[in-house]
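In what follows, a structure is listed as structure tokens, so that the remarks can point back to it.
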Amino acid sequence: MGRFLFASLGLLVVAFSLSGTGANLYCPFDWLSYNVSCYKLFYSLVTWDQAQRFCVEQQENSQLASIHDVGESVKLSNYISQRWGFFDVWMGLRLSKRNGIWEWSDGSNLTYTSWKEGEPNNLFNMEFCAVLSAGTRYLQWNDKKCTLLHPFLCQFQPRSEANG
């Protein structure tokens with residue numbers, strides 16, 4: 001009985017340690033797996049709208065990336081910083097002209113923010129799209145004119161092993 005209990009406890013610990021790691025996800029070869037999503041940095045310098053269209057074409061349910069907590073922010077900061085360091089990077093956050101609220105392109109709720117000090121400032125009433133700021137190692141956000149050219153980060157939720 002003691003061995004069975006010990007083995008069961010060990011399996012439970014392994015299961016909990018793997019949960020949330022993306023260990024059971026199928027991300028394409030060159031995409032980062034984190035939590036329940038896959039991410040990829042694209043180096044083409046494009047407008048926010050072009051980046052969003054490109055992401056949608058890459059994978060089923062793909063969008064520009066949305067960031068929902070500090071852990072995800074740090075993971076993506078490290079990922080981008082290891083590959084890039086020159087330009088700000090588009091993410092999926094955009095100011096709705098309809099209601100003046102910042103919204104994620106994937107429709108998820110804006111539950112976490114990491115704006116640079118004094119941002120968003122909507123300079124000259126022309127900054128409706130958000131970037132991960134190169135000057136903060138991609139940890140903080142800035143609002144920018146949507147027609148500026150930047151690399152971008154796509155995200156999608158893959159099928160799990162069980163659903164594959």
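Yeah, the Cβs are placed from backbone N, Cα and C, and that goes for glycine too.
Per Swiss-Prot, the features are:
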type: DISULFID; residues: C27-C38; note: disulfide bond
type: DISULFID; residues: C55-C154; note: disulfide bond
type: DISULFID; residues: C129-C146; note: disulfide bond
type: DOMAIN; residues: 34-155; note: domain 'C-type lectin'
type: CARBOHYD; residues: N35; note: N-linked glycosylation site
type: CARBOHYD; residues: N109; note: N-linked glycosylation site
type: SIGNAL; residues: 1-23; note: signal peptide
Once DSSP output is merged into helix, strand and coil, C154 (disulfide bond) belongs to strand
By the 10 Å Cβ-neighbour count, the most surrounded of the disulfide-bonded residues C38, C146, C154 is C154
DSSP says C55 (disulfide bond), in three-state terms, is helix
Taking all protein chains shown into account, the Cβ-based neighbour count within 10 Å for C55 (disulfide bond) is 24
A correct count of other C-beta atoms within 10 Å of the C-beta of N35 (N-linked glycosylation site) gives 16
Quick note, C38 (disulfide bond) and C154 (disulfide bond): C-alpha atoms separated, nearest Å, by 8
Integer Å value for the Cα distance linking N35 (N-linked glycosylation site) with C55 (disulfide bond) is 19
Expressed in Å to no decimal places, the gap between the Cα atoms of C146 (disulfide bond) and C55 (disulfide bond) is 16
As a whole number of Å, the Cα atom of C27 (disulfide bond) is distant from the Cα atom of C154 (disulfide bond) by 12
Candidates C27, C129 (disulfide-bonded residues); min other-Cβ count within 10 Å returns C27
